[in-house]
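Following: one structure in structure tokens, then a few remarks.
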């Protein structure tokens, strides 16, 4: 894909395709090709014969094999060609081996009869080298079908790659997941367990030292072997066993030496920390049982309505607590080994074998998501510490704004200077705005004069870049009447946001766009999908699915990372951290995504509105990681492309050591005999087998697409017919694009080499057309799932239902950082959007309460998903419960009868358990008490405001069909630090918590006044009511502080609402008249006394 192709705009349905070039763009550069042959056994060049001709080992099929491997195969191997199985004939210059045909030529006697000094050092070295090598090349050959690849005669454990700096005696399998990358395979020696071990033949006349036994080298090797076994044993013990869901091991991949050690490690929470936590949860459950038994069996006759409401609310809170608490039963942490990843896949001086990654950045409105913020995110991606040819950045502009397009063009030019500067000095973070804002002494570790000089120059360059971006923003404030035009006078295709063609522009790429030092830059692609009236575009989920298809056509990396436009890469090695899980041979096969926690910049020190969400990211997510993995939170997540395509997770193979070891031998024989009988009955002739691709439907009635086994021996006509049927099925699922459908079958990624750039561009425009997803499974079973504004929950839920597991990765340095809303109104609107999405899922077909049973979803993982969609409903009992204290104080009644000693014991035990649970959670997770308390406060604030409105809006949408649109949270900020913190924006979300505050304040005043008026005996019952009211007020305190703001900026609307509500409750207070003394004596009418 060429970077200089220009902006490509078009519509597949209208058969339009236009290429708009920018002024001064050079033409496309020719692409260089190499035509050298590589040995398919060892990976070296095939080489030439002494006559200068290419060396050909097999005259039948000309399979590429070098001379050394040819001689070794004839001398020590099968003597057959790995491809056509024809016996190798002796070539001129090669030694004769048993079985060769008789030859009359005598021009090569020396080599024919192998007259060579066996003690020659070169000969010995070659023999030792060949003794540790075997044949097989992992990658598919260019132009050769997969089923024609060489098949070794001994079973191989796996495919792999050799680490060249490891001594030959330590060579081991190094798995690789790269397709077409030239993988070398070094299999373990295969030994049939049914045969006796063959002793090594030795000449009695020779000293044992000649064989290595008893020598110093032999002793050193033995000591080295023992140390390795000890390290492996220790590593296994440190691993902490298996995951709760049984993942983590693969019987086909035994651990061997350092080159085969895992790339990551699971670290369970210490039992001294987590066991008391589990015990207090069980105790709290028991106490809750006794507590509810007392509450239900002891109603309050004179306040039955208040008692009934309170009991219902408390039961709901208990159920909500169970759903939230038990998914945290198995908390774990993880550790990665980047040095092992580098040793295995990214060795210095060699071509990197790390898997390619496609980066997705989504933006909608450049006025609410400033282009400078998006530019910093893109720059941090382009400068990431990852091989350049493995990185591709796709920016989705769902608003089709020319401002975003021009800002991205400026960003690509500035990247040519910024990227080499970051990599030369290993800067962190690599987003220039945040790097230059760091309040650190940058001269502390960088004392080189060149760095100081270049840093100052780069800062000037960045300030000029900001001026250009801000000038574009200022220019975009006033839209011309005729619409925007490009530099060459062409009208901007996206002038009509709701009706425009699809647009693609490659700014940087392999064939164009090098930095100032002449080095290649990662690919940068601008994408704006087609939009037409009458089509449902599914908001962000639809945009992400369009990026999935475009990237599959152009680059098709096996892994994808999605980021919001305001989340930049704070740790340049974050992608390698994710690859430690994805490319790990032990745990990587079943991992669908690696989720990183969200961290934020620009939040005030006290985190008044719980923007950091520390409790969720550092407690809940760690607990889920011990079950089936964390839920997807919408950004900062590395996906496996195949998992997004709706494929089922690979099934785990049960190790042989775990089967039938505890059964008698006669039982094993019976089982084995029964299996053989069944196999004989179900066996089919080879002629009936055919290569096929089938789809299977899971028990949960959700289609899952899994590749079936590929068998050989099918006749050509039947095979072709089956292929046509399978192609039709795939197009029905994935859409009418043959290029994209073909890419979905490449598990390790890669693009079609036969396709031209022009055809790829045309296909890319096709897959982002507005009608491409019609009558397909996009948004239903494939990609980001539609049906909710919180598409992230549904997407992760579907993958977990297919049996995949996810991983939670918390690097020491935060992987990504973003911006969070600082003022109260924006924060409440953000929470409203999340809660509304949960309500939409609750009423959808994908509700975790009834969807996905019989699939791969774990029970406790389901608890977590159920909690994520029912939590907004807690707002109704929470609002009622927060109103009860004021009603009790105003009416003089209470929700419980007079407490006995036993009742007091249950109440005190419950309070102690609640506090103990929180303390022990903070203890094992490392969360501070400030963060924990802020989370508790905002749970009440959000519950009585945003969550409550989300419930009513969701009901309106389901019952009346009234759809509520959400607004994008503003990412811009004032120049003054924390200036947005005190900005007040009126919204109806503020009415319920404001009313609760005033109501409880009036109730407290009324209760105290009533107690003063009635004497000392009324103070006892008052304490319980006052504690209840102050519990509500303390939880709403951050809301009160945000509502009032600065003393000189108290908004008028707050004063008006306060006076209005205070007047209403004052009238109610006068009606109650608490200062009037109450006569508790007998009624005169009843006693019969006439006081007149």
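Keep in mind that glycine also has a Cβ here, set from the backbone N, Cα and C atoms.
The active site annotation in Swiss-Prot covers 398 (among others). Under the three-state DSSP scheme, residue 398 (active site) falls in the coil class. Around the Cβ of residue 398 (active site), the number of neighbouring Cβ atoms within 10 Å comes to 22.
Non-local contacts of residue 792 (active site) by the CB criterion (under 8 A, 6+ apart in sequence, same chain) comprise 631, 632, 633, 634. Under the heading active site, Swiss-Prot lists 792 (among others).
Every protein chain shown contributes to the tally, and the Cβ of residue 42 (Zn(2+) 1 binding site) ends up with 23 other Cβ atoms within 10 Å. What Swiss-Prot records for 39, 42, 66, 69 is Zn(2+) 1 binding site, and it gives similarity to another entry as the kind of evidence.
Other C-beta atoms found within 10 angstroms of the C-beta of residue 58 (Zn(2+) 2 binding site) number 20, with every protein chain shown included. The Zn(2+) 2 binding site annotation in Swiss-Prot covers 58, 61, 81, 84.
Per Swiss-Prot, UDP-alpha-D-glucose binding site is recorded for 362, 368, 369, 398, 539, and the stated evidence type is similarity to another entry. Counting only residues at least six positions away in the same chain, the Cβ atoms of 395, 396, 398, 540, 543, 544, 547, 562, 564, 565 sit under 8 Å from the Cβ of residue 362 (UDP-alpha-D-glucose binding site).
For 540, 564, the entry in Swiss-Prot reads Mn(2+) binding site, with the evidence type similarity to another entry. Look at residue 540 (Mn(2+) binding site): DSSP puts it in a helix.
Through the fold, the coiled coil (450-479) approaches residues 366-367, 370-372, 375, 401-403, 406-407, 410, 414, 417-418, 421, 425, 432-433, 436, 442-443 of its own chain, all at least 6 residues removed from its boundaries and within a Cβ separation under 8 Å. What Swiss-Prot records for 450-479 is coiled coil, and it gives sequence analysis as the kind of evidence.
What Swiss-Prot lists as topological domain 'Cytoplasmic' is 1-279 (among others), and the listing cites sequence analysis.
Feature annotation from Swiss-Prot assigns topological domain 'Cytoplasmic' to 324-868 (among others).
For the topological domain 'Cytoplasmic' (923-938), the DSSP-based tally of helix, strand and coil residues reads 13 helix, 0 strand, 3 coil. Here Swiss-Prot flags 923-938 (among others) as topological domain 'Cytoplasmic'.
Taken from Swiss-Prot, the feature topological domain 'Cytoplasmic' applies to 1009-1019 (among others), supported by sequence analysis.
Look at Swiss-Prot and you will find 1071-1092 (among others) tagged as topological domain 'Cytoplasmic', backed by sequence analysis.
Positions annotated as transmembrane segment by Swiss-Prot: 280-300 (among others).
Marked as transmembrane segment by Swiss-Prot on the basis of sequence analysis: 303-323 (among others). Residues 285, 288, 292, 295-296, 863-864, 866-867, 870-871, 874, 877-878, 880-881, 884, 887-888, 891, 893-896 of the same chain lie 6 or more positions beyond the ends of the transmembrane segment (303-323) yet place their CB under 8 Å from a CB of it.
What Swiss-Prot records for 869-889 (among others) is transmembrane segment, and it gives sequence analysis as the kind of evidence.
The transmembrane segment annotation in Swiss-Prot covers 902-922 (among others).
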Whole-number Å value for how far residue 58 (Zn(2+) 2 binding site) lies from residue 66 (Zn(2+) 1 binding site) (Cα to Cα): 11
Rounded distance in angstrom between the Cα atoms of residue 84 (Zn(2+) 2 binding site) and residue 42 (Zn(2+) 1 binding site): 18
Fewest other Cβ within 10 angstroms of its own Cβ, chosen from the binding-site residues 368, 540: 368
Tally of DSSP helical, extended and coil residues in the zinc finger (39-85): 9 helix, 4 strand, 34 coil
Leading contact stretch, 280-300, 869-889, 988-1008 vs the transmembrane segment (939-959) - CB distance under 8 Å: 869-889
Among 280-300, 902-922, 988-1008, 1020-1040, stretch most in contact with the transmembrane segment (869-889) (C-beta, under 8 angstroms): 988-1008
Candidates 58, 61, 368, 369, 539 (binding-site residues) - the one closest to residue 42 (Zn(2+) 1 binding site) by CA: 58
Among 39, 58, 61, 69, 81, which are recorded as binding-site residues, the nearest neighbour of residue 368 (UDP-alpha-D-glucose binding site) by Cα: 39
Other CB atoms, at most 10 A from the CB of residue 369 (UDP-alpha-D-glucose binding site): 24
Local Cβ density at residue 84 (Zn(2+) 2 binding site) - other Cβ atoms counted within 10 Å: 13
In sequence order, the binding-site residues (58, 81, 369) whose C-alpha falls within 10 A of residue 69 (Zn(2+) 1 binding site): none
By Cα-Cα distance, the member of binding-site residues 39, 58, 61, 81 nearest residue 539 (UDP-alpha-D-glucose binding site): 39
